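Since the structure comes first, as structure tokens, the remarks are kept for the end.
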Amino acid sequence: QLQSKILILTICAAGIGGTFQYGYNISIINAPTSYIQMFMNETWLERTGVPLESNMVLLLWSFTVSAYPLGGLTGAVVAGPMAIMLGRKMSLLLNNVFVIIAAVLSGCSRMAKSFEMIMLSRFFTGVNAGVSMNIQPMYLAESAPKKLRGAVALTSASFTALGLVLGQVVGLRELLGGEERWPFLLASNVVPALIQLTALPWFPESPRYLLIDRGDEESCISALQKLRGNSDLSAELEEMLAEQAAVKGQRAKNPWELFQNPALRWQLLSIVVLSSAMQLCGNDSMYFYAAYVFREAGIPQDKIPYVVIGTGSCELITSVTCNMIIDYAGRRPLLLGGYILMAGWAIIFMVALSQQTRISWMPYLSMACIFAYILSFGIGPAGVTGVLPTEVFDQMSRPAAYMICGSLLWFNLFVVGTAFPFIVKSLAHFCYVPFLVVCICTALYVGFFLPETKGKSFLEISEEFKKQNFKGHTHAVFYKGPEEIKSTTL
């Protein structure tokens, strides 16, 4: 079937230069840490004749690391206006400029004897990731047929995990992780960018964007035909025209307007809770602990990078599994199950850490907990969180919703990255208590307040939230579509 091939190729073209870069750039910075710190010291010594103190090296390194989430935050803020003015596809294409600038800066940093170029390059890499994390799920969910919408939008998480694993592999000492080759490692992110620049122009723009934002019905039908082939488009087109009529006369909203609108109260609260929880649940901090736990379990120091690849592969396997089941299982069970399991593993992990030195098999239990925690994160929270803003907001609010989501995601990544070493210092083995609280609270929120969006049109989902937002008001005026549809699917 040609049309499903076109959809799959569109997903790959958007993903390789999109969220793949986010995962890839998070993991390639880990391998050359000590070499870059040495480079900073040598450069400083050449410039001033005085070597840097160790705490100054650490400070410069933390600036380099935090430039990435700072760039991500900037990218998340500019992504909304880009998606509205340039369209989804054009924004993704233009976004590659940031990575190309970053690759040139980091690739030439050693020749230029400038560690500031590495910091700047990490900032631009972050901007690229911030834009793609917001626009790629939007582009794919708007291009997918209703019954596959969850699975297609969720490929964003699979590409992130794929980037993470490939970054760990390329960062091995035998490949680009050696002392001589680290500038090439940091500049290697230009390859996915060039692949996307070559491939994505051949695929259509989001049909929803063409019809509802641009009012261009002809281009929308042509894009739909490319994506769906000869299948009957009338039902899908009718649904889009109904959505167009519902937002007629409105313009794209700004983020602050979403906070002022009582009709969007629960949608907004849901994405704020879930986007914050995604970074505050402690999944990324597991990677921080991985090397220490593996060392305690008796794995030789030089073999640890290979085992760490296993942790990244866990996330990849689960996000691909989640991809296959999201449109059968639904969004709520995956989120709820993910956070409940993570809460359980956090408790076992803290017990195992506290008994690490007393009981000989405890390091193996902590090791199992790391893998289980990452698997639980991958099965639900990792992917579903990125799909929800597309589903619970209409076309005019969607870019602004993604701006809020993305800003929270990057701000919390920055907070956790900065605060986690201090949390470990003060709470020692019980450093996962704050993450445990986040997981439990999020699971309760999902269980009590988040409606299921599986298999529903965007208008039906809006109606469902409308009931939640105006619970005290009369229900007589509301369209009763969702209930009828629910009863027929049961």
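The backbone N, Cα and C atoms fix where each Cβ goes, glycine too.
A TrEMBL annotation is a machine prediction, not a hand-curated record.
Nonlocal intrachain contacts for the transmembrane segment (7-24), taken as residues 6+ away from its ends with a CB within less than 8 angstroms of a stretch CB, comprise 92, 95-96, 99, 125, 128-129, 132-133, 135-137, 139-140, 143-144, 148, 152, 155-167, 189, 192-193, 195-197, 199-200, 202-204, 227. Under the heading transmembrane segment, TrEMBL lists 7-24 (among others).
Annotation source TrEMBL lists domain 'Major facilitator superfamily (MFS) profile' at 11-454.
Look at TrEMBL and you will find 58-80 (among others) tagged as transmembrane segment. Tertiary neighbourhood of the transmembrane segment (58-80): same-chain residues 25-26, 29, 33, 36-37, 40, 52, 91, 95, 98, 115, 118-120, 122-135, 255, 399-400, 402-403, 405-407, 409-411, 413-414, 417-418, selected by CB-CB distance under 8 Å and a gap of 6+ residues from either end.
Same-chain residues lying 6 or more positions outside the transmembrane segment (92-112) and placing a CB less than 8 Å from one of its CB atoms are 14, 17-18, 21, 39, 75, 82, 86, 118, 120-125, 127-128, 131-132, 135-136, 139, 183-184, 186-190, 192-194, 196-197, 200-201. Residues annotated as transmembrane segment in TrEMBL: 92-112 (among others).
According to TrEMBL, the feature transmembrane segment maps to 151-170 (among others).
Taken from TrEMBL, the feature transmembrane segment applies to 334-353 (among others). Beyond the ends of the transmembrane segment (334-353), by six or more residues, the same chain brings 274, 277, 281-283, 322, 325-326, 362-363, 365-366, 369-370, 372-373, 376-377, 379-385, 429-433, 435-436, 439-440, 442-443, 446-447, 450 to within a C-beta distance below 8 angstroms of the stretch.
What TrEMBL records for 365-388 (among others) is transmembrane segment.
A Cβ distance under 8 Å defines the sequence-distant neighbours of the transmembrane segment (400-424), meaning residues of its chain 6+ beyond its ends; these are 62, 65-66, 69-70, 72-73, 75-77, 79-80, 83, 126, 130, 133-135, 137-138, 252-255, 257-258, 267-268, 271-272, 275-276, 278-280, 282, 284-285, 288, 389, 392-393, 431, 434. Residues annotated as transmembrane segment in TrEMBL: 400-424 (among others).
Annotation source TrEMBL lists transmembrane segment at 430-450 (among others).
Residues 133, 137, 141, 149-150, 153-154, 156-158, 160-161, 270-271, 274-275, 277-278, 281-283, 286, 289-290, 293-294, 296-297, 310-311, 314-319, 321-323, 326, 331, 334-339, 341-342, 345-346, 348-349, 352-353, 356, 442, 453 of the same chain, all 6+ positions outside the transmembrane segment (365-388), place their C-beta atoms under 8 angstroms from a C-beta of that stretch. For the domain 'Major facilitator superfamily (MFS) profile' (11-454), the model's pLDDT averages out at 89.
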